[in-house]
Amino acid sequence: MSTPAYKRILLKLSGEALMGDDSYGINRATISRIVEEIKEVVDLGVEVAVVIGGGNIFRGVAPAAEGMDRATADYMGMLATVMNALALQDAMRHIGLVSRVQSALNIEQVAEPYIRGKAIRYLEEGRVVIFGAGTGNPFFTTDTAAALRGMEINAEIVLKATKVDGVYTDDPKRNPEAMRYKTLTFDEAIVKNLKVMDATALTLCRDQKLPISVFSIFRQGALKRVVLGEDEGTRVLP
């Protein structure tokens, strides 16, 4: 068995990653494939925590949110992430992967409240911890939640799973000559305004020297390759 490059990781999954080819919602085949890839990493002995977004669900109600108070819309988005967290947990249960959902909003009937010490203990016991409801505060993205939770649980790296296999010099869909960065420094990413994470999350990770890896969750085996330290995606380093 190959030796992982990291002992504990924070995986940031966008809600859109769960849609597959659908326009919104949760695609069952897609979520099943994603949790199988997470299981491969857990089987390597890696401790895995997940922060999940809510765009796949919130997209369906976004037209109704136009003109809505920003804080109210953000709370709706947080609730969408809890729905995704429960869907992830259910998919994990089907393949024998033990997980716990912790929510930054108090919803005790469906999820534990976020408690840092408990989350770390679950990770040490080999359970996957799924963080829902972002930071629990409006005006902060789930990227920022990923950076924050990554620091709190002492993760060695934040893995941002996207639709693109890394960070490019330009949009690869529009410019076929766009080049993928293998590595970047935080300062380079900020100065060049590269779409790694939002500015708050990027600055948090830079200040705490927490590396980020950006990769495509749609490339079979990409998550495992990143964890093994192979040339996959883009790494953003202090």
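The backbone N, Cα and C atoms fix where each Cβ goes, and this holds for glycine too.
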Legend entry - Recorded UMP site member, picked from Asp74, Asp165, Asp170, that accompanies Gly54, Thr135, Gly136, Asn137, Pro138, Phe139, Phe140, Thr141, Thr142 in Swiss-Prot: Asp74
Inset, instruction - Give me the Cα-Cα distance between Gly54 (UMP binding site) and Ser14 (ATP binding site), rounded to a whole Å. - result: 7
Inset, instruction - With H, G and I counted as helix, E and B as strand and the rest as coil, say where DSSP puts Thr162 (ATP binding site). - result: strand
Legend entry - Candidate with sparsest Cβ neighbourhood (10 Å radius) among Gly54, Gly55, the listed binding-site residues: Gly55
Legend entry - Neighbourhood of Phe139 (UMP binding site) by C-beta distance under 8 A, where only residues 6 or more apart in the same chain count: Arg70, Ala71, Asp74
